[in-house]
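Asks: The structure that follows is given in the form of structure tokens.
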Amino acid sequence: MYRPKDHGWVEVIVGPMYSGKSEELIRRIRRAKIAKQKIQVFKPEIDNRYSKEDVVSHMGEKEQAVAIKNSREILKYFEEDTEVIAIDEVQFFDDEIVEIVNKIAESGRRVICAGLDMDFRGKPFGPIPELMAIAEFVDKIQAICVVCGNPATRTQRLINGKPAFYDDPVVLIGAMESYEARCRKCHVVPQKKEV
């Protein structure tokens, strides 16, 4: 894939849970390190499933990160000689993240964002649609549906082993005890509002 050398850009990695988004983000961070680029990694403070200080994939791969409360804190921690900014679980940030990512890219940096493109209801998640719109590069990766084995593009939330209702809170931090990857056909949302 062509990468501009004379200006910044935005990369967005999206997909359902268990598709390897954080793993891909970590891979890109490690490649930037091999290229001897200065990198800063951020994650939302709310994501403390595996670690408070690291971006961690479900496979156990990890990279050190700064956990922040809101997107504006990225600017507080931003170091002028940084060449690459990586942000995991970007869907949990406020809408201002789009403006901040754009500002950093316009200053000549590479910005890599990873996150869920849809919430458990199958609806666009937080600032992700806007980030995808401004990005130069978007990778939508799939998981495997745990029900039928087909490619999965959705995240199924489970509460006591049953699909969560449409009106349940959108944000619930969890892992395998609360979520599964599902395909369109096997994704179930009780009481979903029909068009």
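The backbone N, Cα and C atoms fix where each Cβ goes, glycine too.
Since the structure is predicted, the reported quantities are computational estimates derived from the model, not experimental observations.
According to Swiss-Prot, the protein carries these features:
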type	residues	note
BINDING	15-23, 57-58, 88-91	ATP binding site
ACT_SITE	Glu89	active site, proton acceptor
BINDING	Phe120, Tyr179	substrate binding site
BINDING	Cys145, Cys148, Cys183, Cys186	Zn(2+) binding site
Asks: For the Zn(2+) site given as Cys145, Cys148, Cys183, Cys186, which other residues of the same chain have their Cβ within 8 Å of the site's Cβ centre?
Replies: Val146, Val147, Gly149, Asn150, Ala152, Arg182, Arg184, Lys185, His187
Asks: Around Met17 (ATP binding site), which of the listed binding-site residues (Cys148, Tyr179, Cys183, Cys186) come within 10 Å, judging by Cα atoms?
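Replies: Within 10 Å Cα-Cα: Tyr179.
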Asks: By a simple count of other Cβ atoms within 10 Å, which of Phe120, Tyr179, the binding-site residues in the record, is least packed?
Replies: Tyr179
Asks: Going by C-alpha positions, which of the binding-site residues (Phe120, Cys145, Tyr179, Cys183, Cys186) is nearest Gln91 (ATP binding site)?
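Replies: So, of the listed binding-site residues, the one sitting closest to Gln91 (ATP binding site) is Phe120.
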Asks: Report, in whole Å, the straight Cα-to-Cα distance of Phe120 (substrate binding site) from Cys186 (Zn(2+) binding site).
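Replies: Between the alpha carbons of Cys186 (Zn(2+) binding site) and Phe120 (substrate binding site) there are 13 Å.
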Asks: What's the CA-CA gap between Ser19 (ATP binding site) and Cys145 (Zn(2+) binding site) in angstrom, rounded?
Replies: 10
Asks: Just give me the nearest neighbour of Cys148 (Zn(2+) binding site) among the binding-site residues Gly15, Lys21, Glu89, Cα to Cα.
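Replies: Closest candidate to Cys148 (Zn(2+) binding site), judged by Cα separation, is Gly15.
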Asks: Round to a whole number and give the Cα-to-Cα distance in Å for the pair Tyr179 (substrate binding site) and Glu23 (ATP binding site).
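Replies: Tyr179 (substrate binding site) and Glu23 (ATP binding site) have their Cα atoms 18 Å apart.
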Asks: At the level of the C-alpha atoms, what whole-angstrom distance separates Glu23 (ATP binding site) and Cys145 (Zn(2+) binding site)?
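Replies: The Cα atom of Glu23 (ATP binding site) is 18 Å away from the Cα atom of Cys145 (Zn(2+) binding site).
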Asks: Of all the binding-site residues given, Cys148, Cys183, which has the fewest Cβ neighbours within 10 Å once its own Cβ is left out?
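Replies: It is Cys148 that, of the binding-site residues Cys148, Cys183, has the fewest other Cβ atoms within 10 Å.
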